[in-house]
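> One structure coming up, written as structure tokens, with questions to follow.
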Ligand SMILES: NC(=O)C1=CN([C@@H]2O[C@H](COP(=O)(O)OP(=O)(O)OC[C@H]3O[C@@H](n4cnc5c(N)ncnc54)[C@H](O)[C@@H]3O)[C@@H](O)[C@H]2O)C=CC1
Ligand SMILES: CC(=O)C(=O)O
Ligand SMILES: [Mg+2]
């Protein structure tokens, strides 16, 4: 019998000289490796999915008549073929993870159609059902159980060096829907999709973050599908300790990160904005972003209203229905509407009235929450005034702004009374989502005989009235945060100052085209969001430079047109 040669019989066999055939084949292998390596490595590189692979390599992997342009139309037809908004949301969410370029191409080309699906109002339903429609991980989850170990959780993020912007929620007040616990992740995801679509932020530099600090939503605690901790919300002290660690570790793990706080319940919204805003680049979208977007729309509306009434701009009277983080945030920002007209800050404060769940907010009413004190009236001391009609009669507002979450609170009588005292009443029902809006556009048009200057938080369709088409404005912070965030990132701002927020608002207000002004719009058309965000980003960068909070000396040397060109160049575009 032939015995195969043994190379392993002695401990030194690994060093023994192999027989000739083996030597020959090894030599052949080495030569071929040297010759072919450049081709193989090129081939491997060419197979990388970073840029679309050449058509040749796709041969056989796609059907013969496949064409990207037609495929985009196909995807849009698939989207439109779905009946329910939530099905559309799920379809788009899947598309975003399968093919981000196609997803963002569709967003950019169909902003007015897609924004209400990935954002308000549908994102509200998606958040309510988030634990039921959940498919795959997206974003970063940090829970109270991670306290003391947050650093390691953050370091698990796969693209740590690229991270530039995060939207952080604790889910305690999602839109006007209350405490949705970790289901709030949907709002962080939705806002960041708008950062990408609206301002060209690189998709891979965004991190949606949801903090799991328990929930007081009993139905969720009992729901077997609920994705969060089964415990009530932690105490204020425990949350403070958690937040201090979280914010510190965020800046350690992601030193170039801008942080947007989103949909924290009112007490926490004010608390954590105040606690961190001078230490980290952070802003609160509900307080500051909403303030900026409403200031902008109000500036445009007040001009039209004053043109009809002859009333000077500084004589407007603003009544807020709702005095939470959004109401008080907007009221604070609106003071600059009056100071820009020459009033002192104190005079500006006196142009503003608040209503909360107990009626008109005034000093002698009794104990007031801290955030309401600044705007509490000292010129009324009678019995509590609780009826909105009585309050309108007393204040005689030119503008009525709703941030209350009370659906239908602006009844036909309220709207008619506003129209009776103003040739062009300003009515902004800003609560989200649509079903919580204080009134619909149709109600506002009909009950003011078409004179209303209208903006809502969620979108309403345009209306025909007496042979004219009337357009509703969308007074939503989505017009502000993409440009504000982009400006802050590009200037490497160390803080988001009040002046940067105000600059974003003025930038938005003066971004309307002549055609938009002629159509009576209060906000630019959403299809122009990229252009608007670029314009806002330039104003924000300039404000950051003036406030001396930037780390980008090269931008300071540019004139405005160079800076604008740079901002546009920096915007990511889907390649499809
Ligand atoms: N359009 C936009 O861009 C934005 C809209 N919002 C919306 O604003 C709404 C309020 O948000 P937050 O201020 O954070 O909520 P919040 O719950 O802190 O404030 C609600 C306010 O409405 C008052 N209110 C409740 N019931 C009332 C009643 N029956 N009569 C009079 N006042 C009543 C409350 O006292 C409270 O002052 C939400 O629907 C949210 O979606 C928030 C941020 C941005
Ligand atoms: C739009 C938004 O931020 C909100 O409704 O909370
Ligand atoms: Mg919000």
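We number each residue from 1, going along the chain as drawn.
Glycine is treated like the rest: Cβ placed from N, Cα and C.
Source: prediction; values computed, not measured.
Below, the features straight out of TrEMBL:
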TRANSMEM  20-40  transmembrane segment
DOMAIN    96-277  domain 'Malic enzyme N-terminal'
ACT_SITE  119  active site, proton donor
BINDING   262, 263, 286  divalent metal cation binding site
DOMAIN    287-545  domain 'Malic enzyme NAD-binding'
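Could you give the neighbours, burial and distances for every feature on this list?
When pLDDT values are averaged over the domain 'Malic enzyme N-terminal' (96-277), the model yields 97.
Neighbours of residue 119 (active site, proton donor), defined as other CB atoms within 10 A of its CB across all chains, total 26.
Sequence-distant neighbours of residue 286 (divalent metal cation binding site) (same chain, six or more apart, CB under 8 Å from its CB) are 261, 262, 263, 264, 269, 325, 326, 329, 477, listed in sequence order.
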> Which recorded positions from the set 119, 263, 286 have a C-beta atom lying less than 6 Å away from ligand 2?
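Among 119, 263, 286, near ligand 2: 263, 286.
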